[in-house]
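These notes are about the structure you will find just below.
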Amino acid sequence: MGQCLSGGRSCLDVPGRLLPQPPPPPPPVRRKLALLFAMLCVWLYMFLYSCAGSCAAAPGLLLLGSGSRASHPSPALATAPDGTPPRLPFRAPPATPLAAGEEMAEGAASPEERSPEAPDSPSPISSFFSGSGSKQLPQAIIIGVKKGGTRALLEFLRVHPDVRAVGAEPHFFDRSYDKGLAWYRDLMPRTLDGQITMEKTPSYFVTREAPARISAMSKDTKLIVVVRDPVTRAISDYTQTLSKRPDIPTFESLTFKNRTTGLIDTSWSAIQIGIYAKHLEHWLRHFPIRQMLFVSGERLISDPAGELGRVQDFLGLKRIITDKHFYFNKTKGFPCLKKAEGSSRPHCLGKTKGRTHPEIDREVVRRLREFYRPFNLKFYQMTGHDFGWD
């Protein structure tokens, strides 16, 4: 067996001639190729997971899928035990031109805060991800307060991988309740198991019907209220309106019904919103205090990671958002994100945030502090937290 020599030519002792075959690749090369393929699969999975969640929650890129624009029947409205909806002990502000201007200013503060419309037809991208997660009614809502820091809190929370929130303010429980829960659900981003759906509409806190309506949707809804020194909040509220309507009366003239007697005009929404204890009484008729978290707007600036830690605990989330996510922007005067959701670049709130307040007469500020003091003390007792505004 083997090779034989005959006439100077080599031959094989098997029939025919076999062409030479290339040797198989060595095992290390195969292992490297297999490892590379596995890494590629993992990367592709992570990319699809990120897009299905993060991109769906990003403002301006809502992967809302399909939905009907037709109206849906309104869900049943819960009432107080006596059969009548409870009322706050002070009257609501009249629908004056100034109030209309304030509403316009609130809605025009930034594009991401405008009320959303019903979703359009699904795009190819949303259709591709239509099987990733599902749309749920929110399990947590930031219900207030206007000019308290709600936009900052929402943007900070959206860094968490287990939080999915709609970017625009839905205004469902105050303006669009007649469109039905199906319409409301269709505004929400898709979520996976273990993720929380959220929204924020600050006007809910001062809307009389909102507590009963949210309770009718789910009695287990967690409610977050961002509160701020009511005097500073009122001035910030006025500043926002002034930026849209430079011809409005002065802050001082709007604050008092009668400047001589010093009687505060509680019908002006900028003043009324800051009477937190009155509004909270109405919410406590429908929700236990343990289902509400009160976030300090001041601490959200001075210690954002600390306040976000409390919020994450309240929502049952792992503490992922920490000091490493923030840096202080000296120009704006408040903290910004080092990396926003879905981006690798630093992110600060828009130019509509952090406006310079006008100079207000010190005597007016003093009178306002005297007016708010008893309401603040009652609010401290109700929440079990001293916010230090006095």
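Glycine too: its Cβ is placed from the backbone N, Cα and C atoms.
Feature annotations, courtesy of TrEMBL:
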- LYS147: active site, for sulfotransferase activity (ACT_SITE)
- LYS147, GLY148, GLY149, THR150, ARG151, ARG228, SER236, LYS353, GLY354, ARG355, THR356, HIS357: 3'-phosphoadenylyl sulfate binding site (BINDING)
- 83-96: compositional bias 'Pro residues' (COMPBIAS)
- 99-110: compositional bias 'Low complexity' (COMPBIAS)
- 123-133: compositional bias 'Low complexity' (COMPBIAS)
- CYS336-CYS348: disulfide bond (DISULFID)
- 138-373: domain 'Sulfotransferase' (DOMAIN)
- 72-133: region 'Disordered' (REGION)
- 33-64: transmembrane segment (TRANSMEM)
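Feature annotations (TrEMBL) mapped to structure.
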residue : record                                     : Cβ neighbours (10 Å)
LYS147  : active site, for sulfotransferase activity : 26
GLY149  : 3'-phosphoadenylyl sulfate binding site    : 27
ARG151  : 3'-phosphoadenylyl sulfate binding site    : 23
SER236  : 3'-phosphoadenylyl sulfate binding site    : 20
CYS336  : disulfide bond                             : 20
CYS348  : disulfide bond                             : 18
THR356  : 3'-phosphoadenylyl sulfate binding site    : 7
In whole Å, note down how far the CA of the residue listed as 'active site, for sulfotransferase activity' lies from the CA of SER236 (3'-phosphoadenylyl sulfate binding site).
7
Which one is it: of the recorded positions CYS336, CYS348, THR356, whose Cα lies the shortest distance from the Cα of the residue listed as 'active site, for sulfotransferase activity'?
THR356
List the Cα distance (Å, whole number) between CYS348 (disulfide bond) and ARG151 (3'-phosphoadenylyl sulfate binding site).
11
Any idea what the Cα distance is from ARG151 (3'-phosphoadenylyl sulfate binding site) over to CYS336 (disulfide bond), rounded to a whole Å?
12
Do you know the mean pLDDT across the domain 'Sulfotransferase' (138-373)?
93
In whole Å, how far is GLY149 (3'-phosphoadenylyl sulfate binding site) from CYS336 (disulfide bond) when you measure between their Cα atoms?
13
